[in-house]
Amino acid sequence: MSAAHKGRRGHVGVIGGSGGMPGAAILAATAAMRAGAGLATLAPGDPELRRALIELRPELMLATAEQAWKIPQAQVLVVGPGLVNADRSALAELNRDDARAMVWDASGLEHQDAGPAAGPRVLTPHPGEAARMLARLDRAGSWDSARVQSNRALAATRLAELTRAIVVLKGAGTIVAEADGARVRVAICTTGGPALATAGSGDVLAGAIAALLARGLEPWAAACAGVHVHGLAGDRSPQNGTLALDIADALALALDEASTGTAWPSGWPTQARY
Ligand SMILES: NC(=O)C1=CN([C@@H]2O[C@H](COP(=O)(O)OP(=O)(O)OC[C@H]3O[C@@H](n4cnc5c(N)ncnc54)[C@H](OP(=O)(O)O)[C@@H]3O)[C@@H](O)[C@H]2O)[C@@H](O)CC1
Ligand SMILES: Nc1ncnc2c1ncn2[C@@H]1O[C@H](COP(=O)(O)OP(=O)(O)O)[C@@H](O)[C@H]1O
């Protein structure tokens, strides 16, 4: 009999969901639980929102205002979905000094500098965000989203070199890239399609990758597997009218499907589909 209990399935904290975009953080936290994290904590500042959130998703836990920029009880953080009015120095400190694994997404990416950071980082930019990061960090080239899209593998690898993070460049054929000294790895996702093109779908991906990190996958495997199951969840959903929350809900079965017959997580994911 499995000895799993919620405390052994990992705890994901989500920093974001402020200023009119609470949904982004709720989606990331829900996706983390659907991808198998045992616990998920959010830190919404607004008291009305805290009340509403508990009615909507009683599974989620709430951090106090003092814990908001750190969520110390979590093992892995998602930083950025729906994040506005960020505390810049708190985020810089988090990145520089905190050794926990983290997924940085959306507005959080504006606060990522050239690496290395204190611990494993997975960055999940869409092409617009990747172009903005490259324009800021790459002194050797001028970047815009057309250039990113015209050579996606190069853009992802360059961003990985600059930040020393694993970079997930989203969009059709999502690319995962790592550039660690002389070793460069690039993977291209073969799952996912237009069902994923819906508001908040990227927030769901960030939560899924964080859950796999919290469950003990290495960062590269967590990034590849998270992208794969997120795409699979989209493939198993209606191609029109799917909502981001539907994709989050579909993650649980997608994970079962992707891991069937293997000793998950140690024997999974295979790299066969990348
Ligand atoms: N319910 C909620 O609370 C939700 C909250 N959300 C939160 O909103 C915040 C802002 O995030 P955002 O992505 O909407 O705005 P932004 O970074 O300015 O990007 C737009 C620019 O990028 C480009 N671009 C994008 N995708 C591209 C692609 N595949 N391929 C190519 N280009 C692409 C696009 O270029 P265009 O195609 O228009 O030329 C455009 O210029 C963020 O914190 C997020 O978490 C959302 O998650 C939604 C649900
Ligand atoms: N046509 C498509 N084919 C495959 N994946 C897609 C497609 N359109 C969007 N996606 C995926 O949907 C997600 C959208 O994320 P993002 O652009 O951050 O949106 P949001 O900010 O609304 O969450 C990414 O994982 C992206 O790869």
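Any Cβ shown, glycine's included, is placed from N, Cα and C.
Because the structure is a prediction, the values reported are computed rather than measured.
If you check TrEMBL, you get these features:
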- 1-258: domain 'YjeF C-terminal' (DOMAIN)
- Ala24, Gly82, His126, Asp203: (6S)-NADPHX binding site (BINDING)
- Lys170, Gly171, Ala172, Gly173, Thr174, Gly202: AMP binding site (BINDING)
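Structural mapping of features recorded in TrEMBL.
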| residue | record | DSSP (3 states) |
| --- | --- | --- |
| Ala24 | (6S)-NADPHX binding site | helix |
| Gly82 | (6S)-NADPHX binding site | coil |
| His126 | (6S)-NADPHX binding site | coil |
| Lys170 | AMP binding site | coil |
| Gly202 | AMP binding site | helix |
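Taking Lys170, Ala172, Gly173, Thr174, Gly202 as the binding-site residues under consideration, the smallest Cα distance to Gly82 ((6S)-NADPHX binding site) is found for Gly202. Of the chain residues outside the AMP site list Lys170, Gly171, Ala172, Gly173, Thr174, Gly202, His126, Pro127, Leu169, Ile175, Cys189, Gly192, Leu196 have their Cβ within 8 Å of the site's Cβ mean position. When the binding-site residues Lys170, Ala172, Gly173, Thr174, Gly202 are compared by Cα distance to His126 ((6S)-NADPHX binding site), the shortest distance belongs to Lys170.
If you measure from the Cα atom of Ala24 ((6S)-NADPHX binding site) to that of Gly173 (AMP binding site), you get 23 Å. Same-chain residues at least 6 positions away in sequence with a Cβ under 8 Å from that of Gly173 (AMP binding site) are, in sequence order, Arg152, Ile188, Cys189. Mean pLDDT, taken over the domain 'YjeF C-terminal' (1-258), works out to 93 on the 0 to 100 scale. By the rule that a residue counts when its Cβ sits under 6 Å from some atom of ligand 2, the binding-site residues Ala24, Gly82, Gly173 yield nothing. Of the listed binding-site residues, namely Ala24, Gly82, Lys170, Ala172, Thr174, the sparsest CB environment within 10 A is found at Ala172. Comparing the binding-site residues Gly202, Asp203 by how many other C-beta atoms lie within 10 angstroms of each C-beta, the top residue is Asp203.
Within the same chain, residues at least 6 positions away in sequence whose Cβ sits under 8 Å from that of Gly171 (AMP binding site) are His126, Pro127, Gln149, Arg152.
Within 10 Å of the C-beta of His126 ((6S)-NADPHX binding site) there are 19 other C-beta atoms, taking all protein chains into account.
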